[in-house]
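Only one structure is covered here, and it is reproduced in the block below.
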Amino acid sequence: LPGLQYINPDKVGFPTKVRYLIIGAGTAGLAGARSIRAADPQSRVLMIAGGTGPSDYAEPGLPETNNVEPPPYLRPPLSKELWRRNKARESRLLQTTGDIRRHSWLYYESESFYLKPEDLNSAEYGGVSLLRGDPVIRLDPDKHTVTLASGRQIVYERCLLATGGRPKRLHQLEHCSQTGEDLRQSGYVSYFRTLADYRRLRELCDRLRKSNGTVAIIGGGFLGCELAVSLLNESDQTSPETPNSAAADASAKSISRLRVMHIFRESAPLGHVLPPCLSAATGRYEASRGTEIWPSSELVSASIVPSTAPTLEPVPETGKHTFTNPLQTVVASHVPPSPPPRVRLRIRRSELGRDIVEEVDVDHVVCVVGIEPNTDLAASACLELDPVHSGFLVNAELETRAGVYVAGDAASYWDPILGFRRRVEHLNFAEETGHLAGKNMAFPFQPPEETTSLPQRYHYQSSMWSSLGPSLSWDAVGNVDARNLETRSFFLSQPSAVPHSDQTSSAGMTDSLHSIPSADLGRLLRGVVFYLTPKEKRLVGVLLWNLPDELYTDEKYAAPGRLNLARSLLAQRLLIGQNPNFDSAEAELTDLASQFDLDGELARDYAELKAFMESQTKEEPNGEDYSKSDEKLTETTEKDQDLPSA
């Protein structure tokens with residue numbers, strides 16, 4: 001890959017035998033390494049970055065990473081926070097000398113955390129080594145060996161597959177329908193997954209803003225929605241940071257010089273996750289930010305065409321500006337160069353029950369239609385794959401073969417709470433499965449006196465989240481499949497008469513819980529969505545709309561969380577409508593919704609109680625200040641000390 005340096009195996013040494021081997025250097029891999037080190041403090045862990053050979057999903061290097069694969073980092077900032085940083089701040093965040101403990105929330109650990117592979121065996125207290133530039137191409141579970149791209153082999157005792165995923169490809173867009181030109185190689189079409197993808201796309205958008213260019217985002221999922229909004233951010237290169245506030249949120253449409261088109265198959269963004277009222281609200285939010293929404297649209301083909309966009313160029317002799325077009329004859333003292341070719345997208349849209357084929361010219365296309373797990377090692381290792389969800393089939397302990405574990409995007413596991421097999425592609429799941437897999441890997445090597453139980457099974461309900469701005473964010477646990485499940489939504493809505501106020505009127509507070517609200521209810525402030533199975537009406541998912549996790553805030557003590565409340569409800573396997581304590585299913589759901597404290601009554605009561613308790617610590621019941629009483633007591637004590645003893 002361009003920008004990726006592979007090591008010289010004759011110059012870089014590494015251990016030929018390790019107890020713990022991790023294939024993959026992402027969130028799940030590092031979580032596994034940390035868990036192993038916690039259970040086995042002097043363990044030596046070898047983590048190998050890269051996929052299966054020099055493939056499309058090996059991590060290209062950056063100048064900030066010395067052109068080698070970066071250490072493990074968080075992916076969510078690539079589509080959100082980084083776009084709000086100016087170039088100076090961005091460059092500092094990309095430096096591998098920082099980590100999340102040094103207020104740099106991109107890398108989990110700094111480069112100095114990782115041992116050199118050749119120093120792993122000699123480390124007195126063990127550690128985690130990161131091998132880059134020589135990826136694994138073959139796994140043999142019977143012999144407990146892996147083969148690297150250089151041909152060298154490593155013997156392991158326990159292995160963790162944390163190979164992650166790679167973007168799903170749209171092959172019909174990768175080649176020009178007229179000439180067959182490779183549009184990826186030409187830079188007209190790209191996918192978005194890595195730090196290098198972010199850097200290329202940001203530099204491209206900075207250039208296109210100067211010419212009022214157009215970028216098309218393909219895909220209506222999490223990443224597509226986040227990029228469709230983030231690309232419109234124009235960070236001020238002279239200011240310390242771009243403000244992340246409601247004011248900046250409201251003014252983004254007016255300052256952006258980049259045209260962003262969001263094209264997706266669904267009738268509204270995130271239609272596969274959100275109920276219709278919220279997916280429509282997401283579309284309205286994107287449109288308010290300046291994004292052009294193209295719902296119910298499918299790309300048919302792409303081709304390269306000459307640019308017909310007029311360009312504004314100064315004429316040196318007169319100093320005036322004139323519009324020029326490459327298809328017209330221009331008589332001027334200076335003829336500007338023709339603008340570069342563009343991509344013509346042929347789009348089939350469904351509108352009012354009929355299909356319409358349209359053509360639109362753009363400067364660049366970003367495809368974000370999901371990911372597929374990296375399972376190339378399954379063939380050499382004879383590992384079973386999930387034919388429905390893809391990914392490696394694992395048992396309850398996240399083990400796929402004896403001594404081989406899987407965590408993160410590539411793991412297909414049985415969910416004992418929901419009662420079906422799943423594969424989850426979210427950060428929290430990678431963290432939790434990596435942690436448990438690492439703990440189970442270290443279990444056989446624990447001293448007998450420290451071993452109190454058998455290897456643990458995975459039953460945790462991981463969370464997922466998305467944020468498009470200060471006024472639109474959500475968190476969810478469980479199965480939130482709006483296409484195959486019934487949804488029941490309850491909201492604290494803002495009346496339409498005050499659409500721009502952040503406060504809810506007293507009238508709105510009186511009747512705050514509404515089921516399945518429509519757009520005419522006004523702006524939906526906060527709410528909770530329940531996902532039910534169609535037949536049994538069993539609760540299998542909960543989504544929090546614009547609600548913080550903590551029910552209240554306290555600087556000294558941890559507050560109970562709404563997500564944990566949702567997890568407890570899922571663990572009860574509730575069958576809505578069969579509780580004899582409620583007259584109807586609607587009444588039962590309304591009671592469940594009230595437990596999430598949509599209007600913040602619990603937080604207000606806690607704040608008032610805390611203020612009252614603080615006031616009581618300063619004053620006596622008679623109204624005197626305790627601090628003054630302490631002064632009087634001190635004076636009395638000093639006088640008593642001067643008195644002669646009896």
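In case you wondered, yes, glycine gets a Cβ from its N, Cα and C as well.
Marked as compositional bias 'Basic and acidic residues' by TrEMBL: 616-646.
In this model, the domain 'FAD/NAD(P)-binding' (19-231) carries an average pLDDT of 91. According to TrEMBL, the feature domain 'FAD/NAD(P)-binding' maps to 19-231 (among others).
According to TrEMBL, the feature domain 'FAD/NAD(P)-binding' maps to 358-432 (among others).
Sequence-distant contacts of the region 'Disordered' (55-75), counting only residues of its own chain at least 6 positions beyond either end whose CB sits under 8 Å from a CB of the stretch, comprise 1-5, 25-27, 29-30, 49, 91, 94-96, 100, 105-111, 113-114, 130, 132-133, 135, 164-166, 193-196, 199, 374, 376, 427. Taken from TrEMBL, the feature region 'Disordered' applies to 55-75 (among others).
Among the features that TrEMBL reports, region 'Disordered' is placed at 613-646 (among others).
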Using DSSP three-state counts, the residues of the region 'Disordered' (55-75) come to 3 helix, 1 strand, 17 coil
Its residues classified by DSSP, the domain 'FAD/NAD(P)-binding' (358-432) shows 14 helix, 29 strand, 32 coil
